[in-house]
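Enquirer: Below: one structure in structure tokens.
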2 protein chains.
Amino acid sequence: MAPQFSKTDETAINTIRTLAIDAVAKANSGHPGAPMGLAPVAHVLWNYYMNFTSSNPEWINRDRFILSNGHACMLHYSLLHLFGYDITIDDLKNFRQLNSKTPGHPEAETPGIEVTTGPLGQGVSNAVGFAIAQAHLGATYNKPGYDIINNYTYCIFGDGCMMEGVASEAMSLAGHLQLGNLITFYDDNHISIDGDTNVAFTEDVSQRLEAYGWEVIWVKDGNNDLAGMAAAIEQAKKSKDKPTCIRLTTIIGYGSLQQGTHGVHGSPLKPDDIKQFKEKVGFNPEETFAVPKETTDLYAKTIDRGANAEKEWNELFAKYGKEYPKEHSEIIRRFKRELPEGWEKALPTYTPADNAVASRKLSEIVLTKIHEVLPELVGGSADLTGSNLTRWKDAVDFQPPVTHLGDYSGRYIRYGVREHGMGAIMNGMNAYGGIIPYGGTFLNFVSYAAGAVRLSALSGHHVIWVATHDSIGLGEDGPTHQPIETVAWLRATPNLSVWRPADGNETSAAYYKAITNYHTPSVLSLTRQNLPQLEGSSIEKASKGGYQLISEDKGDIYLVSTGSEVAICVAAAKLLKEKKGITAGVISLPDWFTFEQQSLEYRKSVFPDGIPMLSVEVYSDFGWSRYSHQQFGLDRFGASAPFQQVYDAFEFNAEGVAKRAEATINYYKGQTVKSPIQRAFDPIDVNTRPGHGV
Amino acid sequence: MAPQFSKTDETAINTIRTLAIDAVAKANSGHPGAPMGLAPVAHVLWNYYMNFTSSNPEWINRDRFILSNGHACMLHYSLLHLFGYDITIDDLKNFRQLNSKTPGHPEAETPGIEVTTGPLGQGVSNAVGFAIAQAHLGATYNKPGYDIINNYTYCIFGDGCMMEGVASEAMSLAGHLQLGNLITFYDDNHISIDGDTNVAFTEDVSQRLEAYGWEVIWVKDGNNDLAGMAAAIEQAKKSKDKPTCIRLTTIIGYGSLQQGTHGVHGSPLKPDDIKQFKEKVGFNPEETFAVPKETTDLYAKTIDRGANAEKEWNELFAKYGKEYPKEHSEIIRRFKRELPEGWEKALPTYTPADNAVASRKLSEIVLTKIHEVLPELVGGSADLTGSNLTRWKDAVDFQPPVTHLGDYSGRYIRYGVREHGMGAIMNGMNAYGGIIPYGGTFLNFVSYAAGAVRLSALSGHHVIWVATHDSIGLGEDGPTHQPIETVAWLRATPNLSVWRPADGNETSAAYYKAITNYHTPSVLSLTRQNLPQLEGSSIEKASKGGYQLISEDKGDIYLVSTGSEVAICVAAAKLLKEKKGITAGVISLPDWFTFEQQSLEYRKSVFPDGIPMLSVEVYSDFGWSRYSHQQFGLDRFGASAPFQQVYDAFEFNAEGVAKRAEATINYYKGQTVKSPIQRAFDPIDVNTRPGHGV
């Protein structure tokens, strides 16, 4: 039934507005305009429609709310405070201050914030992931009479989000997937940082969204038409096979002297403006951070409504547990982000007698084995399924049932050629809970998704990139497709595992760590070409991120390598021994991030003092001086030719490595060589400093 | 007048097809399907409409042709061969082989290839840049009776391009900009690598493009309806204020036994399929790489037509030169990619007596000074004009005149929040010729454009990124906006200058090098916070990429730094001297790429043996061991707080640096320290190895 709106609603809306105004003014930094313009719809949504309980922000079936225009976060912080989340008035007063719960853009560490946003286009793309997760889990676990997982995902986004390509990708896919559980609000305020959007953004947004298969409802007075907003939300809920965009034409900074201009976007309101605003809406201009009792009272009822909704759900869920005990405990386990006991026994192991296999294929073997014991694995590819080998044989596609191409319980997502959208969607699916998403593309095109990968690492999303065709080894496709700098970029990103397994055991180790690292995304860099199974590798050793594959602490040199070049180093070591009487050890370092989690003692045992080390990797050697004295890498782009020819052209073969090993030994002859990992002091990383951001 | 089509056209089309089929078969690798499906429209366009002359692929006013679905490059190579470009039958036989002119995806080194494509979505976005460049140069230089620059930009793209966000961004902007000179062909073949596009891509493409403000013309039989294609091209040419998409519904691999399936997309046709195809179209199945005489004869006429068109244009341009000698010589100079004599005198210089200024502001001062002497500079920002400070005061916006917001001669582009689109458009503008584009965004969001930045470096586009808010120094916006890994990624990219100037002179040096490096893109990493003018800096010294700001070769330590941390190092050196009697020198290393172009002798003089070196930079320290023995960096994400508080929290201040300098000195006490730049052998870079890819 549609709510009846009164003066009390207006007061509440102005409370949201004034809290935002006051917090931005106190910080002397921030964005008051969007919170002021969006306060009405936020009020209508939160107070009358959204299902949530502030006493348990982790309630499984809560409606999700995502603010994609994250710079408007004072809107969200105000709501969280007013609706009883663990955000105090003091937290609001600490807006944008060090170690506060209220940073300059919303971070998921804050209770009630579902996902870290701010970089434009990400939040709405995350929201598509949330909606996919709900649809999938609902289809998987709901039973007749037990609509256990049936929440909506609500998302507000602005003009900036609509201009970003990542949003275009995700929204097009959302239309294809007919995600009726996704209800978004487009803050059509015609203002971005460069001023009026007519300087750059004059497309017909409604028509574009309709082209994607969305339902679009236009509320032309987004400042005042509360009944229109309510009606739009109700209509959106009825749109079962289309995502909805409620287009709200609003005035940015509504009520400010500068309303409707860019002046109110990214800087505090001036004192006289604040004064006139508060007077106009009946607030005391002398007071800051005021919350009228009528607003507190109004929202108290909503807080109760939410608590009751959760209570009812808990009862239903308990009953469900009696009828469906296996599903019940599986839901609980998945949302606790725990893994089933013994799942890792499904990981394949190999001996040197086994065939040479491409690591993309080794990855397929792992996925084929583990998908049965890990129902939380939901995979996909950005239109490279047959190349990435990301789909196990009898996988069901996640598709609207009417398409007859799959159904919503399906665990394989056809993302289309939408790498960035896939990255942001995977982040959203993982943030929803109960799902560990993986997605395939060529390693080179993980870069297209850099914005999402970064937020994944910052937020600690448990997401796995299956990044095949990982070097010049992809051959004929040539330099446009051959990553050179990509792995350096990924390794330089905090809280990101970047696995480059050398064989089958290392591939299993990569998956083992990627799946057990709950708060770290992983990129698996995998080959197109075959790799032999190495003597001396094991899941256990590789799970440390680095180990001595051939120990020669009294030898002449260590060759330090990853992935496809490890076998080349083993061949080079053999050649050096046979032809030159030189003793070379080999260190395999499949994941720097994991290796750096090991004890200093262990790390020193892998990289001992007193022996020169040569790193060998067919990427930019950038960063490798951390783990070697001399580097053999590729500080240029690759070339189009069959794989072995490209490797030979750049001398990435046993002879080329042996030659450089000799040069390195000669260079360091007579010098005392220290382990490259020795440091005068520890770096500033997340372990040495507190604060937000991981 | 519309062409009359005959059997001769069919033969020509099948010649294009069979050349593609034979080349892919010989390489045993490649994509025959799209060339087979697109041969008809390519024939109609090239033979009847496109203005080009194969004897001079650099003719200024040629129509540009861009194949955005670059994997279909055998289509383009076939056309280039048949229309007389310097691509022989042997070149076609060398398809996808080392050092051939016919790599796996089209690279601009090949004569007739306008721009390197392959990564999906880039080419069509480049095409928007080509069209902007034409519109701008036409508006700038055309005079009554002298339509000197009036070419069209033609572009073919596929479903994959349409799914990519970068294309969405660029195409939306193209609609806004009303680029009637852009005529594209959408290969609506319903097949991508995952099979039928109905698994992921069911949006209404025509409606979406219309929402962007495009004209869409649908040719429903893209396999046979040559007259329909011709009529569509003619109609598109009449659409003066809208870009056009000619939607061609085609069958991939038309004529193959596997036509219309994914089977014909990315692998050679089987021998029996080739045989039946050649027999069906009247070619000798025993022959490969056959070119019938009637095709040679037909295309000879077109080659002549192009040569004549160029000749006529040359005559008109010579006449123009008499009437407008200044413009005439400026056009020639710009297309030769030469700079006006003495332009660099406009670069500002500073002394320590000058005020502290943020380097984003220093950048604005440079742009304000040099834009008058460099008409080829065409700037813009991804909706951060007021933050990036990329717009000189009296700049005219590049806008459709009807908007009254600017005109096409304007040199400032409002890109909207479209970083990736901006990057690809800048690449296209530069590839067109006569323009050095620069574009602003926050450094952190250059990552959104990683796909375009990479192609810029690979292709050697002369493009400048004005990347402000370059570190945790941006303060309150917090970790979602604070780059940590970004500069490591950029530095690891071959052929990319990454400037982080420390003061005014270094900012001028950064622009000096960015503008004189014709074949290297540059990223300028610039601060939001103020930087003092340093004693000892100069344009000349900084133009070497690195230099000793404070020389102390007999001192205790060198502090090696960039940008905003250089002044902190200077303060730390002072503190060390005063408080501890320690002598510290300071090395400023604003651009590694430029520094690495210097002689070994010079580099050794900057990084001498015998003294420990500590690098100081508020980014991931990844890669810094190349230039220091010990690193002080930030291997975690940042934090939201006012700038100075964030710096202090992480101890990036004089005290924090001094403390670590002491620790470094103590650590290396009694050891012989070698310069970090010493190497046992040279890396494999573009200087040591031939071949494509830079």
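Note that Cβ sites are derived from N, Cα and C of the backbone, with glycine treated the same way.
Caution: TrEMBL annotation is automatic and unverified by curators.
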Enquirer: Which residue of B:Ser239, B:Ser329, B:Ser387, B:Ser561 does TrEMBL report at the same substrate site as B:His31, B:His265, B:Arg360, B:His469, B:Asp477, B:His481, B:Arg528?
Expert: B:Ser387
Enquirer: The thiamine diphosphate site in TrEMBL includes B:His71, B:Gly118, B:Pro119, B:Leu120, B:Asn189, B:His265, B:Phe445. Which of B:Gly145, B:Gly160, B:Gly416, B:Gly473 is also listed there?
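Expert: Answer per TrEMBL: B:Gly160.
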Enquirer: Considering the Mg(2+) binding residues B:Asn189, B:Ile191 given in TrEMBL, which of B:Asp159, B:Asp204, B:Asp221 is annotated for that site as well?
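Expert: Among the candidates, TrEMBL records only B:Asp159 at this Mg(2+) site.
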Enquirer: Which residue among the binding-site residues B:His265, B:His469 has the fewest other Cβ atoms within 10 Å of its Cβ, if you could check?
Expert: B:His265
Enquirer: Name the residue among the binding-site residues B:Gly118, B:Gly160 whose Cβ has the smallest number of other Cβ atoms within 10 Å.
Expert: B:Gly160
Enquirer: If one measures from the C-alpha of B:Glu419 (active site, proton donor) to the C-alpha of B:Phe445 (thiamine diphosphate binding site), what distance in angstrom results, rounded to a whole number?
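Expert: So the alpha carbons of B:Glu419 (active site, proton donor) and B:Phe445 (thiamine diphosphate binding site) sit roughly 7 Å from each other.
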Enquirer: List the binding-site residues among B:His71, B:Pro119, B:Leu120, B:Gly160, B:Asn189, B:Phe445 whose C-alpha is within 10 Å of the C-alpha of B:His31 (substrate binding site), in sequence order, or say none.
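Expert: Cα filter at 10 Å returns B:His71.
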Enquirer: If you measure B:Gly160 (thiamine diphosphate binding site) to B:His265 (substrate binding site) at Cα, how many Å is it?
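Expert: About 12 Å separates the two Cα atoms.
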Enquirer: Run a quick check on B:His31, B:His265, B:Arg360, B:His469, B:Arg528: which of these binding-site residues have any Cβ-Cβ distance to chain A under 8 Å?
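Expert: Qualifying residues, whose Cβ lies under 8 Å from chain A: none.
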Enquirer: If you count the other Cβ atoms within 10 Å of each Cβ, which of the binding-site residues B:His31, B:His481, B:Arg528 comes out on top?
Expert: B:His31
Enquirer: Nearest to B:Phe445 (thiamine diphosphate binding site) in three-dimensional space, by Cα, is which of the binding-site residues B:Ser387, B:Asp477, B:His481, B:Arg528?
Expert: B:His481
Enquirer: What does the structure give for the C-alpha distance between B:Leu120 (thiamine diphosphate binding site) and B:Asp477 (substrate binding site)? Integer Å is fine.
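Expert: Roughly 32 Å, rounded to the nearest whole number.
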Enquirer: Using the structure shown, find which entry in B:Pro119, B:Leu120, B:Asn189, B:Arg360, B:Glu419 (the recorded positions) has the sparsest Cβ neighbourhood within 10 Å.
Expert: B:Arg360
Enquirer: Taking all residues of the domain 'Transketolase-like pyrimidine-binding' (B:357-533) together, what is their mean pLDDT?
Expert: 98
Enquirer: By CA distance, which of the binding-site residues (B:His71, B:Gly118, B:Pro119) lies nearest to B:Arg528 (substrate binding site)?
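Expert: Closest by Cα: B:Pro119.
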Enquirer: Taking DSSP three-state, what's B:Pro119 (thiamine diphosphate binding site) in: helix, strand or coil?
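Expert: DSSP call for B:Pro119 (thiamine diphosphate binding site): coil, neither helix nor strand.
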